[in-house]
Ligand code: UD1
């Protein structure tokens, strides 16, 4: 297939690009090379045989041009992370909402019928909670005063007792709780509108916490695994927020890339969301311990600090992806964490040897 890959110079994008070319697809990459992601001096070059268009997703002419001769689009270009503060809102809306709208209009004009979209588990907010008395409930936002007093589990909205969590499937209600999450929900809805108007197909890949080689480091948008690996390389203990019991599903970027390319190849009707997770939730403290062990570094510190925008647990049921697209994750957690921990930084720092020095 001739695939347009947006955001192909990014963390997940580079792995998707490698998987696409490995599977024999012809790829054209669009990426704006935003400075807050790529810095000013990093010159990313696509591999030979891959066309590269440096353009912002909001550039209607460039995007329409880039869609020429394309069979299928994988749309990863987006502003990611939690953001720093409320001043980030316009950039999330512009980069993610408007960028997607421009892409979809271009696809309609060029009669490109297949879209694989990077969405996120954050669309579910706090997900589904289990109350002993009230069964399945939607947990409300956690209050600052509860968290200041160390009560981190979200309470039942009816009786206030701490909830157990259960895995969310793709039909769980959407409940975006920050700008990034809202923009991902918007992208899914715009894509569904486009599909209804054009008869196109959409696979919305709701990624869990993606980690692995090439993860953004030392930026406000870095994921927790990269933050902990960087701290350990400096010889510092990872600082775990809350009580460390918050759960995430850390899924390796090569497994995510495989899932994304399989969706692009195999999903060709309708609008379908797919949770993309390893299937084994871990606590953030467990993940910190795995990295500390891999680097023989100091034990994690449980800080009790918290970020108000964080949800407590994000754990999904990814069985739809396994059943419908025959995807299986291949990389074991301990192996993936060890690979991340020992990844060499551009200046050669980062191996176990360097840390022990
Ligand atoms: C992450 C992604 C988000 C994606 C979502 C999907 C990032 C920055 N965010 O959100 O784009 O949509 O997964 O599930 O990659 N923490 C610490 N110490 C720190 C930093 C964070 O303990 O120094 C904790 C946080 O409180 C949180 C957990 O680690 O409980 C995960 O945080 P983070 O990596 O920022 O990701 P998510 O909010 O899960």
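All positions are counted from 1 along the displayed chain.
Backbone N, Cα and C define each Cβ position, glycine as well.
Per TrEMBL, the feature domain 'NAD-dependent epimerase/dehydratase' maps to 3-128 (among others).
Sequence annotations record features per position, and here TrEMBL assigns domain 'NAD-dependent epimerase/dehydratase' to 169-277 (among others). Model confidence over the domain 'NAD-dependent epimerase/dehydratase' (169-277) stands at 94, taken as the mean pLDDT rounded to a whole number.
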Residue counts for the domain 'NAD-dependent epimerase/dehydratase' (169-277) under DSSP, helix then strand then coil, are 44 helix, 23 strand, 42 coil
